Amino acid sequence: MSRLQTTLLPPLLAVLFAALLCSIALLISGDNPGAALAVMVTQLGAGTTAVDVINTGAVYYIAGLAVAVGFKMKLFNIGVEGQFRIAACVAAIVGGLLPLPPVLHVIVILLTGMLVGMLWALVPALLRAYRGVSEVISTIMLNAVATGVIAWLISPAAFGFVQGNNISTPPIAPTGHFPGIDLGPSGTIFGMVFVAALLGVGYWFLLGRTRFGFELTASGESPTAATAGGVEARRMVLIAMLMSGAVAGLIGLPEVLGREHAYTLVAPQGYGFTGIAIALLGRNHPAGIAVGALLWAFLDKSALALDNIGVPREIVLIMQGVIVLSVVVAYEIVRRYAMAAEQRRVAAELRAQQQPVAEGAAT
Amino acid sequence: MTAPATSRPVPAARARRLPGWATSMLVVLVGLVVLSITATLTGQLQLTSAGTAQAAVQLLLPILFAGLGGLWAERAGVINLGLEGMMILGTWGAAWAGYQWGPWAALAAGAVFGALGGLLHAVATVTFGVNHIVSGVAITLLGAGVTKYLSTLLFLPVSANPRQSPPLRGFDSFSITPLTDVLDALVRANLVFVTDVAGILQGLLTGLTPTVLLGALAVPVTYLLLWRTAFGLRLRSCGENPVAAESLGVSVYTYKYIAVIVSGGLAGLGGAALVLNPGQLGYLEGQTGGRGYIGLAAMIFGNWRPGGLLAGSALFGYVDALQLRAGGDAVHALLYAGTILAVLVAVLWFAQRYWLAAVWALVAGLVVYLVYFFVDTIPSQFAAFAPQIVTLLVLAVASQRLRPPAADGLEYRRGEGD
């Protein structure tokens, strides 16, 4: 199998498998899978759906990148969830309290988000590098801590801003709004979409085209080999985790800067876990993550359209879950198959080469 | 091996080491004394009240079951981050069976649904060699999705709410009356320490349900099965050195499958315990609230041992109960208990001549005391995640002394050992 096949086949199979499984589920519950699929495709032309998919996709893309930076080094930053939420909250508070001139205001908010995300990732990074504590457990604990801290930050006792029934951080002045592209009735594309795209390019260049990226990937693949090659593993753990946290700090900002202009108590959650799924789907490749993010956002938006024709919208969640699980299984099967094929090929070539030598030795 | 002359003299305590059960009894006793002193000196009587203890039992049960689930899987070498997802499946299954056929069916269905999640995890990790953490996260996503779908499909018509099950009938609770009456008299006698211990014991023996008994049984049964039978030895050998186990004729795949399915079943029981909690009967979307992960933390806190795991979940359940019943003031008083504990640990370490560690313990105690002194109350939002902070601290301090199974989380493929 060619490299292209081994890369593209598994996700395609996974999506098909998920669609098949969901169709069966729909048939059992007495719905029509064909109509569901038709509605999912046609929704893209209606209203603001296409723009919504792109906007949500950008959020998911940043989330996928944040997770992928860690994955590159075999670090499981389950804490992207907590990092992004606390970063968005603090960035919104800073943005709401500081009166600043137009461009600077946005930059300060973005930098605050990255800094807070980094600080929240610093704890597991230090624990992992100096105390050998698994980052999986420490980040899960910190996710819960973040929930509590945010609840406190937004409470009226701290920085909360009560407006009617809704509590949020103080609203950000218009100088701190990130301008988007107004497409009239089709909606407004977040300006942050372009920041997300830039991040993707930066990720591709840094990890794929620089010595630093090579060292990072190498210490993930084989810490001992990397250490022998003069890479300090501890430093790499710290850097990878902090980078992951900094990118995570940006996840919540497209919505804060482009639509809400504050961080509310009911702000969406779960982007961190979605990011894990998307990084897996895209195999940590910037282009793959982009496809995964758009697919995920498309499925998300389909929920509404499906609801309109009476299909339970939760079928989308099942589809997403099945896609993640089957894509990792599919990658593994293809990897094993490719490896076995490679071994057979090498063995055949070696046999062909050794034949004359063996005969020569016999005479 | 000859020890270098400069090495620390072996402490006398090391030579005549206490047996395990005596150490645990001692730890429990010290904990009770510290709590009693704190309750007396700070006037926070809720610290040792029967009500707190009773609430703590209900809150620790789901964590305990999830932690036991984690223990089974990890002892066989499979990290189970899908506990949360399996627990969610368990809550749904328990509610679905419970509102139709009663609480016993709820327990059974919770275990079966959780075990199904465990089976999925086993197929992905054991058969296909998918990374354990990746599979766990995926199963948690899938579990949440499947239950939401099923709730809309099956609960919406009967409860008019897609996020909630119809009300179910719980177990009748019972108390061990002659004992609790005696304890009640002791509580009223108002004696230092005796009242505190009696209060806690009274809480532990009041409002019992079959779920509580099941949890109390699950810990010793797990211990006996995993550490005192040939089956357990083989299962644990798969977590320590699967290649060696294979060479001795153990079917590693079979044991890993059994362990992960039991793990899922236990997590599902944890979900059922949540649904059958007398205070809040029924399924509610998002009611697990990360308890599967906390169970995992409790297991690590307990160093991958059933007894330690019980202590870990008791700690989490207790802090949770205290925060719910008495709020930030009582949790604030816990800081005082923390100071006493730190001083005790420091004294112990001084006696054993761990000079540096002892000084650090004293410094930590001082810091905690200063916080206690300068802060009046802990905001309820902070008190809610006290267990997580404790876990982080334990991990930071004791991570070098924790001993997970040697092959935990590593991929193993049949016949590929070296």
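A Cβ is built for glycine as well, from the same backbone N, Cα and C atoms used for every other residue.
Automatic, uncurated: that is what TrEMBL annotation is.
Here is what TrEMBL records for this protein:
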{"type": "TRANSMEM", "residues": "A:54-71", "note": "transmembrane segment"}
{"type": "TRANSMEM", "residues": "A:83-100", "note": "transmembrane segment"}
{"type": "TRANSMEM", "residues": "A:106-127", "note": "transmembrane segment"}
{"type": "TRANSMEM", "residues": "A:139-163", "note": "transmembrane segment"}
{"type": "TRANSMEM", "residues": "A:183-206", "note": "transmembrane segment"}
{"type": "TRANSMEM", "residues": "A:237-257", "note": "transmembrane segment"}
{"type": "TRANSMEM", "residues": "A:315-334", "note": "transmembrane segment"}
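Counting C-beta pairs under 8 angstroms (sequence separation of 6 or more), the transmembrane segment (A:106-127) fails to reach the transmembrane segment (A:315-334), with fewer than 3 such pairs. Long-range contacts of the transmembrane segment (A:139-163) within the same chain, counting only residues at least 6 positions beyond its ends with a Cβ under 8 Å from a Cβ of the stretch, are 76-79, 81-83, 85-86, 89-90, 93, 96-97, 120-121, 123-124, 169-171, 262-265, 272. Residues 55, 58-59, 62-63, 65-67, 69-70, 72-73, 75, 77, 79-80, 83-85, 87-89, 91-92, 95, 106, 109-110, 113-122, 124-126, 128-129, 135, 172, 176-178, 190-193, 195-196, 199, 216, 220, 263, 267-268, 271-272, 275 of the same chain sit 6 or more residues outside the transmembrane segment (A:237-257) yet have a Cβ under 8 Å from a Cβ within it.
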